[in-house]
Amino acid sequence: MWFLNSVNLLFLVCSVALHLDAVNAWSPTNGYAPGVVDCDENINLVRKADAVSDDEADWLKVRHESTVPALKDFLQRGFKGFTNDTSIIDKLLATQDTAPKVAIACSGGGYRAMLSGAGMISAMDNRTDGANDHGLGGLLQSSTYLAGLSGGNWLVGTLAYNNWTSVQAIINNMTDDNSIWDISNSIVNPGGINIFSSISRWDDISDAVEEKKKAGFNTSITDVWGRALSYNFFPSLDEGGVGYTWNTLRDVDVFKNGEMPFPISVAVGRYPGTQVVNLNATVFEFNPFEMGSWDYTLHTFTDVRYAGTNVTNGTPNVTGKCVAGFDNTGFVMGTSSSLFNQFLLQLNTTDLPSFLYNLLHGFLTDASDDYDDISIWAPNPFYEITNIPSNYSQSISEDDTLYLVDGGEDGQNIPLTPLLQTEREIDVIFALDNSADTDQSWPDGFSLTQTYARQFGLQGKGIAFPYVPDVNTFTNLGLNTRPTFFGCDARNLTDLESIPPLVVYMPNTRESFNSNTSTFKMSYSTSERFKMIQNGFEAVTMKNLTKDENFMGCISCAILRRKQESLNYTLPSECDACFEKYCWNGTVDATTPISSTTSSSASSTSTSDSGNKENSARILAPRSTLSLLIGGLASVFISF
């Protein structure tokens, strides 16, 4: 309860200022529409995905200057009272080359994932009151990468693009009007009883999207969705950052100085009209420098600043002229969560006043056409690229339009793929799972099984992922109710293409609040937001370290494990007990669980949105989750 009590005691006014360069921060039109800008006459905007970009490599050198001392401090605190043998910390943290590289992945799951994930992240942030004493404070400061998908990307994007604000700062201001994550009212009816406020909001959104359309760019419902979301994430900016661009972050001091992790947003490639999204779909990432994919169906990145430029194999069709402003921050965040476009399309199930319904229905129908859950990136920045191997489909490069969808539509609801690239040399990934896999909307490890299976398919070239059990085993062994380590012994992973990072799986589970809310619950009271965040904090800390006082020490062992193995160093003997307790030991129980709930509580009041997903009883069982998604969407009813 300490976390909520600290929230009740703190009513400090903490402004979240955006230190942005006026030229670089916005679209050249100062609005939502992209515009033409001058660029180098010899510029080529694409590169082969055979390494991290030069910009990322340069940034990593700066970031490591912050992560190494932060990680050393974290590990020393973790070992205090846990072991007297701290020699390995000094050995590994002596240089940047031997220091473990940490990444965090935030799953999708709507506002549930955003809020529960916020609690999880806050437990790792030394800026959170009590995180150093009752949580994993400093782990966020020790991390190099922070990936988000759908609702998890709302969390990552909010923090990153509000000048790396903290969850604590958001909480401190949560009772203020127009604060970050002020979602007391639905996104469709943001004004609540003030219907004129809602009309004004949607009128502004309509005008913004129309500006993009008049500028000659295709629009879809994702433009509407992204614009609507932005008001909740960037309330201090004009019209929710109507001209705020994704690439802006590269020019912001807190990022340039390496004071925050490298943010990554994830989406998946798909064509409109198709109903197949499986593990062979192309996984796209957006970072402050680039957008593109490591997958061999693309294997290319492009400068995200100039997305929207007509190109052929990366060369602008008009010499010396590029387009800027297409990479609107809300549009990128909307692309990663485009599944929620269906929410806007269900207006006939709402209790909106007729005149607001008519306004929205006409606007959204015109905007959506046949692209219900698709984000349109046109012109295609990868048109006629030549980096795709001949034995892979060339379809992405052959179309003049790039179609992207919600990053979780391929079943990989935790954005792990960008973090598994050997070029990034990550040693440990903290996988925060706020999925709604079971009938009661708790996670059951399904996302991990999909990522594991993907490495053996067409798109698995170049990646490796630790062995994981089937989803029934996750539930039967309770692996989805507590933190679990996967890939603890590199000697058992030699059959894989490479030695993958150790994965620390941290699922949403009930500690003090029923956090298994519906993915499509689109409004949360202030009290609900506080409780969701508090429960998330408790879920990743073994309830504020009360269930295991050595938990931080065990997390420290997990962080050190890969580097210790590769350099043949010795961990403290106390780590053996940690691995015995938290590592999955290969036991499988694939029988159908008696109950599919993962809550530690005997009851739940959540609305299910998991559909009729049939849990696989095999480790290797890739399959599409589109039927699940459609089934869930068909029963969506919006209430205000």
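Including glycine, each Cβ sits where the backbone N, Cα and C put it.
Swiss-Prot has this to say about the protein:
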SIGNAL    1-25  signal peptide
DOMAIN    38-589  domain 'PLA2c'
CARBOHYD  Asn126  N-linked glycosylation site
CARBOHYD  Asn163  N-linked glycosylation site
CARBOHYD  Asn173  N-linked glycosylation site
CARBOHYD  Asn218  N-linked glycosylation site
CARBOHYD  Asn280  N-linked glycosylation site
CARBOHYD  Asn317  N-linked glycosylation site
CARBOHYD  Asn348  N-linked glycosylation site
CARBOHYD  Asn492  N-linked glycosylation site
CARBOHYD  Asn516  N-linked glycosylation site
CARBOHYD  Asn544  N-linked glycosylation site
CARBOHYD  Asn568  N-linked glycosylation site
CARBOHYD  Asn585  N-linked glycosylation site
COMPBIAS  594-610  compositional bias 'Low complexity'
REGION    594-616  region 'Disordered'
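Positions of the features from Swiss-Prot, shown on the structure.
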| residue | record | DSSP class |
| --- | --- | --- |
| Asn126 | N-linked glycosylation site | coil |
| Asn163 | N-linked glycosylation site | coil |
| Asn173 | N-linked glycosylation site | coil |
| Asn218 | N-linked glycosylation site | coil |
| Asn280 | N-linked glycosylation site | coil |
| Asn492 | N-linked glycosylation site | helix |
| Asn516 | N-linked glycosylation site | coil |
| Asn544 | N-linked glycosylation site | helix |
| Asn568 | N-linked glycosylation site | coil |
| Asn585 | N-linked glycosylation site | coil |
Residue, out of the glycosylation sites Asn163, Asn492, Asn516, Asn544, whose Cβ gathers the largest set of other Cβ atoms within 10 Å:
Asn516
Relative to the Cα of Asn568 (N-linked glycosylation site), which of the glycosylation sites Asn173, Asn492, Asn544 has the closest Cα?
Asn492
Around the Cβ of Asn126 (N-linked glycosylation site), the count of other Cβ atoms that are within 10 Å:
19
Just name the winner among Asn280, Asn568, Asn585 (the glycosylation sites) by count of other CB atoms within 10 A of its CB.
Asn280
Fewest neighbouring Cβ atoms within 10 Å: which of the glycosylation sites Asn173, Asn218, Asn317?
Asn317
Given the glycosylation sites Asn126, Asn317, Asn492, Asn585, find the one whose Cα is closest in space to the Cα of Asn280 (N-linked glycosylation site).
Asn492
Taking the domain 'PLA2c' (38-589) alone, what is its mean pLDDT?
94
How long is the line from the C-alpha of Asn173 (N-linked glycosylation site) to the C-alpha of Asn163 (N-linked glycosylation site), rounded to the nearest angstrom?
16
